[in-house]
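To keep things clear, I will list the structure first and then write my remarks on it.
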Amino acid sequence: MDAASGAWAETPGRQTLRKTAAIGAAAAVAALLLLCVFIIDSGYIFILSEVFHATGISVLIYKLTKDRSCAGLSLKSQELTALFLSLRFYFNYRMYFDMHGVLDIATLITTLWVIFMIRVILKSSYMEDEDSFPLKYLVMACALLALLAHPKSSDNLVNRLMFAFGCNLETVAIMPQLRLMHNTKIVESLAAYYVFSLGVTRFLNTAHWIIQVVSSRGTILFGLVYGIWPAVVFISEIVQTLMLGDFCYYYIKSIAEGHSVLRLPSDSV
């Protein structure tokens, strides 16, 4: 093989990444089509996503109480989750408080309990060295993006900035958890299911948005007020799904092969 052909040759890692992306994209399209066919009201998809999230939290609580260990869990991700849930509860309380608000406050309470367990009760098993994502830069980036893109509504500027900041935090909250798993490469089954449930939740939320946009022929975007904010909201949902898609692929593959723990390849997450 000459130098020119060698330059164009794909490495095994790149081939694996392309294969993973192709399988994930095909599965996502198939799942989206099935949701469109069998679920008439897209609101049910949103409720289903919250059910998956609640299931993931329940499994996480079970892991902490049964194993008495928080190994494999990112405290930073839990703290970011608690922060954006607090902001979301604040806005739900101000505007409308329905079943979604009830589920949000329940999730916030359980997340705060998980943080307490990691910081106090199970502190000795916390993998602090592996939970190495630079949190302050992540928060600063979310704040900067909120200044650049936020709702243009009649509400006061502080509330609009806080709302955008909370949405941005929700997008990146999983990143410290993904970094921790990238560092360890071995993920215990219950912790893996928790992250997988977050991936399913994000996909269902994205599917909900796509179906809403398509069925309304784009008019629903005007309900999110004008400017670039509607595009930011829609893109953030897709970004969250893509960040978790790679992990979900390897999780399903590991389950299908009958492995008790998930071993991630070096080029994953």
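In case you wondered, yes, glycine gets a Cβ from its N, Cα and C as well.
Bear in mind that the values here come from a model prediction, so they are computed numbers and not experimental data.
As recorded in TrEMBL:
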type     : residues : note
TRANSMEM : 21-40    : transmembrane segment
TRANSMEM : 46-65    : transmembrane segment
TRANSMEM : 102-122  : transmembrane segment
TRANSMEM : 134-151  : transmembrane segment
TRANSMEM : 157-178  : transmembrane segment
TRANSMEM : 190-211  : transmembrane segment
TRANSMEM : 231-252  : transmembrane segment
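Nonlocal intrachain contacts for the transmembrane segment (134-151), taken as residues 6+ away from its ends with a CB within less than 8 angstroms of a stretch CB, comprise 76, 79-80, 160-165, 168-169, 171-172, 175-176, 224-225, 227-229, 232. The stretch from 46-65, 157-178, 190-211, 231-252 with the most CB pairs below 8 A to the transmembrane segment (102-122) is 46-65. By the Cβ criterion (under 8 Å, sequence separation of 6 or more), the transmembrane segment (46-65) is in contact with the transmembrane segment (190-211), since 3+ such pairs are found.
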